[in-house]
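Notes follow once the structure below has been shown.
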Amino acid sequence: MISENLGENQTEKIPLKGRTLKELSEIMITLGEKPFRAKQIYHGLYVNRYETWDQFTTFSKIFKEKLEELCSLTHLQVVKQLKSVDGTQKFTFTSESGNGKEFEAVWIPSGDGGRKTICISSQIGCTLNCKFCATAKLEFQGNLKAHEIVDQILQVEKIVGDKATNVVFMGMGEPLHNYFNVIRAASIFHDPDALNLGAKRITISTSGVVNGIRRFIENKEPYNFAISLNHPDPKGRLQIMDIEEKFSLPELLQAAKDFTRELKRRITFEYVMIPGVNMGFENANKLVKIAKSLDCKINVIPLNTEFFGWRRPTREEIAEFIALLEPAGVPILNRRSPGKDIFGACGMLASKS
């Protein structure tokens, strides 16, 4: 695995951030060093949050010079930081190389001092065209590397001076289109010797990449899993999510059922409410039937963008739709939209200020 992310060419320094302990051990051996050095670097990066070799005070000058020459501790640059009236903060990052490619992460405090969530990106832009999502309007510029995913959390926590209790892969991009780097980053978040977040506090979301879901099941990944459903009917879903062309709703629901059966864990369906598109009695009834067929919960999310003349549902419309879903007998959460005033709410990440 070492060679996968050495850089754009073999003359680049080896990035060490975003590496698992096993990978760091392999790198140290490749460099002619003892494997225990990997544990020291791993602890320094993820527990002490070191960003320069000078901070590794127990390392000899010769060893630090060697690391400086061959390896990098590259970290993200914050090019913009916006704070909402509700305490949510949005961070726009670019890589240390200064390539001009920007992506975003959002710090979402609960307000009561309890839950503190970081919503992170997995790609720069997105290849999919979910019509309610601002990120879909951006040019796709590639997958984020593991260290760019991990460092979103490290940099946000450093700036806000607090630690996240939860991490959600619900920012820019389709996480399962960057499976390797997303799972590697999640494993670092989960590792007790790194960020030490419980698996149930890490949520990976997908628009419905069925082969990625099956890979997730096969690998028995321990993390929470969410599917962006948004319509209970294949034809209706195709009108708002082009992924329906490749992975049909019946295929997706079968994968979801296999997930709950084989991993024995509940799955979350996310449902962006769009008046006149996917709400009303008929759609609610179909969604109830889906929910009754497997172990799930439903997160309903008011539309935050205004494409195609669509509008955000009123409180009354939201309450009415939720009431129609109650016969499903599953947990239903009306997810609030923090950070809407800074374009940091669900579906709004597009580097807009």
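The backbone N, Cα and C atoms fix where each Cβ goes, and this holds for glycine too.
Features reported for this protein in Swiss-Prot:
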- Glu104: active site, proton acceptor (ACT_SITE)
- 112-341: domain 'Radical SAM core' (DOMAIN)
- Cys119-Cys346: disulfide bond (DISULFID)
- Cys126, Cys130, Cys133: [4Fe-4S] cluster binding site (BINDING)
- Gly173, Glu174, Ser205, Ser228, Leu229, Asn230, Asn304: S-adenosyl-L-methionine binding site (BINDING)
- Cys346: active site, S-methylcysteine intermediate (ACT_SITE)
Distance from Asn304 (S-adenosyl-L-methionine binding site) back to Cys133 ([4Fe-4S] cluster binding site), taken between C-alpha atoms, in Å: 9
Integer Å distance between the CA atoms belonging to Cys130 ([4Fe-4S] cluster binding site) and Ser228 (S-adenosyl-L-methionine binding site): 10
Spatially closest candidate among Glu104, Cys119, Cys126, Cys130, Cys346, the listed recorded positions, to Glu174 (S-adenosyl-L-methionine binding site) (Cα to Cα): Cys126
Candidate with the highest Cβ count within 10 Å, taken from the recorded positions Cys119, Cys126, Cys130, Cys133, Cys346: Cys119
Alpha-carbon spacing, Cys119 (disulfide bond) to Ser205 (S-adenosyl-L-methionine binding site), which is rounded to whole Å: 11
Residues that sit under 8 angstroms from Asn230 (S-adenosyl-L-methionine binding site) by C-beta distance, when 6+ apart in the chain: Cys130, Phe132, Arg237, Ile240, Met241, Glu270, Tyr271, Val272, Asn278
Cα-Cα distance linking Asn304 (S-adenosyl-L-methionine binding site) and Cys126 ([4Fe-4S] cluster binding site), given in Å to the nearest integer: 18
Cβ-Cβ neighbours of Ser228 (S-adenosyl-L-methionine binding site) (radius 10 Å): 25
Euclidean distance between Cα atoms of Glu104 (active site, proton acceptor) and Ser205 (S-adenosyl-L-methionine binding site), Å: 16
Local confidence of the prediction over the domain 'Radical SAM core' (112-341), expressed as mean pLDDT: 94
Count of other CB atoms lying within 10 Å of the CB belonging to Gly173 (S-adenosyl-L-methionine binding site): 28
Inter-residue Cα distance where the pair is Cys346 (disulfide bond) and Leu229 (S-adenosyl-L-methionine binding site), in Å: 14
Asn304 (S-adenosyl-L-methionine binding site) in three-state DSSP notation: coil
